[in-house]
Amino acid sequence: ALELFTGIGLSEAKARETLRNGALSALLRRAVLQARSALGPALDKATGTLLYNTAARLKDPKHLGFLVGYIARREILTDLQLSAALEYVRSHPLEPLDVADFERSCGVGICITPEQIEEAVEAVISKHRAELLAERYHFNMGLLMGEARNRLRWADGKTIKNEVDLQVLHLLGPKTEADLEKKPKAAKARLAPAEKQKVAVVENGDMGTETQSLLEQLRGEALKFHKPGENYKTEGYVVTPNTMALLKQHLAITGGQVRTRFPPEPNGILHIGHAKAINFNFGYAKANGGVCFLRYDDTNPEKEEEKYFTAIREMVEWLGYQPYAVTHASDYFDQLYTWALELIRRGQAYVCHQKVEEIKGHNPPPSPWRDRPVEESLLLFEDMRKGKFGEGEATLRMKLVMEDGKMDPVAYRVKFTPHHRTGDKWCIYPTYDYTHCLCDSIEHITHSLCTKEFQARRSSYFWLCNALDVYCPVQWEYGRLNLLYTVVSKRKIIRLVETGAVRDWDDPRLFTLTALRRRGFPPEAINNFCARVGVTVAQATMEPHLLEACAREVLNEQAPRAMAVLEPLKVTITNFPAPKALEVLVPNFPADESRGFHKVPFHQIIYIEETDFREEADKGYKRLAPAQPVGLRHAGYVITVQNVIKDVSGRVIELEVTCTKSDVAEKPKAFIHWVSVPLVCEVRLYERLFLHKNPEDPSEVPGGFLSDLNPDSLRVVHNALVDSSVHSARPFDKFQFERLGYFSVDPDSEEGKMVFNRTVTLKEDPGKA
């Protein structure tokens, strides 16, 4: 074999490398032997290169002999022709091929004369004559080559290059010293510092350079996905004699439209990982002029509740997407049952009585009932439907081996649980492995997008559609999105709720979507986060602070400003300039006053943060101290301490100050926020729920995730003071409390006692706020 491969021009190293690839070496051996039988034992290197490329690039080996025949007859002579031939057989998977059409597509029999090449190059040089004379040999000669090749598709590239070189030399003459000097590189425009900081992009947990928007990442050819109706061009897609007819019907129904679906199980609340799935499925459809279904995978009635159905749709719409249609797997139970009967009739499924424990894992014993007669399985499956078997006593299994080695996955199992939509009609329910691809087929999904862990089910996906001779979509996998310092599994969140570690699924310390909404994260921030993570095949594990950065970016533009004091210190202005409260106009967005103002009262008694006053000012301290005045934000006054009042324990409880208008007072070192005639509110300050990055990792947290809870994950300020401008705010309204962070109104708010959740601090490090 080594001699065979070196005999066609491969180096010994390349020949040995080829031999290590069993499939490639077997194909190449067949190709070489076939070519030798036609051309004799000595093959030139050009022919050898074509044979090697055919063996290496051919997706379907059944066409090998057909293509080698054209190479041996000298009808395919160039790599350009070979590329066209390979694309043709890939695009026409069914036999027999239309030979005349194939030859037209591959340039078979077309002879390009030297005169034609000379004329084509002359025409291109004439077109660019002025630029050539101006730039001489600094002109991009590749442009001339490309245009000449476009005029003569099947011309030999080397011959065109030689003709271009000859005619350019004739026009310009030999190269001068100036021609040999390197062309100076154009200076790159430098970004201003502000522009550099605009966008922080995340790739596998690191901050990177600016990324494309989600729609740009998903549009058109960006992902190399197949076009609707061209499923067969996807690697690994199984083509049957009925495939092309089914695809033709599919295109007639969809009109060539992209169709995706988001298929959650209604037995839990969506989390941040689902946000990527929602963005990917709905985003891919939107970017390519298609539609996306919201389909509930409601095949397990034991765990499904109405609240989950409602919450899932709410979250999809909250993220800004409208489903083309809302469907349920249960909509298709009748059709799925009919297909199960057909699968049995075709000898592709059987009723089995092995226990669940017996068939768990990857190496279970083979079923002794695998070869039972078709009629027997049909009768037993009917008995399953009629409730004659108890739970666990019988299953319907499909006859296939999955990619991960799992054999004969279960298609139906017995469950005596009423279904929320079909009631008591069924006591057998289909599994994910059986349901998913068939529902995709029914809805004529073009791209079945799922996370990487479902890759092991791709072969069963194709197998089942083809076993029933129904339209087969294409499954594409992408990497799931995980966050550090949290858990997202339903079982673990339920444990957190049961133990009282969190209040419910929407506790703002969790990373469920309902929790993020309650905490105050805008949907745009979550979508931007997903875009920055990118549509990658690799799994992405991210730090929460990267999501928080996206929130700050959006909230900075969306959240109007207000003032709040969390640890109030009373301040009495002894020379207040008016007998009653004044009204101060505060801009909603100080950087853009065109976006309006709100009024806040300014009274003789105000409240400031305890931390904004010190009896002794350290070096570098700029806020209020007995000998250090400070400005009041937006009020137009500077205050100076006259008297410090303490309680019996020596704690400062009040300050008496005088005020001076800012335009006559010496400019203070700092301005602080304040409130006057405020609302008393509850403010909830959140930190990470877990102490370690991976609370589920036994090597990091040996005691289990419940032992890793952060005791300081929630601090409640019961009597915070907020300026009265927020009095009409409703749940989920958002504000920036100046100098403190971004806050959102919690649904627990009542008449007379508003509750605010801190979404994020103003900066990543709270100490720098």
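Here the Cβ of each residue, glycine as well, is placed from N, Cα and C on the backbone.
Here's what TrEMBL has on this protein:
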type   : residues : note
DOMAIN : 2-157    : domain 'Glutaminyl-tRNA synthetase class Ib non-specific RNA-binding'
DOMAIN : 160-248  : domain 'Glutaminyl-tRNA synthetase class Ib non-specific RNA-binding'
DOMAIN : 257-556  : domain 'Glutamyl/glutaminyl-tRNA synthetase class Ib catalytic'
DOMAIN : 559-659  : domain 'Glutamyl/glutaminyl-tRNA synthetase class Ib anti-codon binding'
DOMAIN : 671-746  : domain 'tRNA synthetases class I (E and Q) anti-codon binding'
- [ ] Answer with yes or no whether the domain 'Glutaminyl-tRNA synthetase class Ib non-specific RNA-binding' (2-157) touches the domain 'Glutamyl/glutaminyl-tRNA synthetase class Ib anti-codon binding' (559-659) by the criterion of at least three Cβ pairs under 8 A, sequence separation 6 or more.
- [x] no
Open item on the list: Across the domain 'tRNA synthetases class I (E and Q) anti-codon binding' (671-746), what are the DSSP residue counts per state (helix, strand, coil)?
Closed with: 7 helix, 31 strand, 38 coil
- [ ] Kindly state the mean pLDDT of the domain 'tRNA synthetases class I (E and Q) anti-codon binding' (671-746) in the predicted structure.
- [x] 96
Task: Three-state composition of the domain 'Glutamyl/glutaminyl-tRNA synthetase class Ib anti-codon binding' (559-659), taking helix and strand from DSSP - done: 6 helix, 52 strand, 43 coil
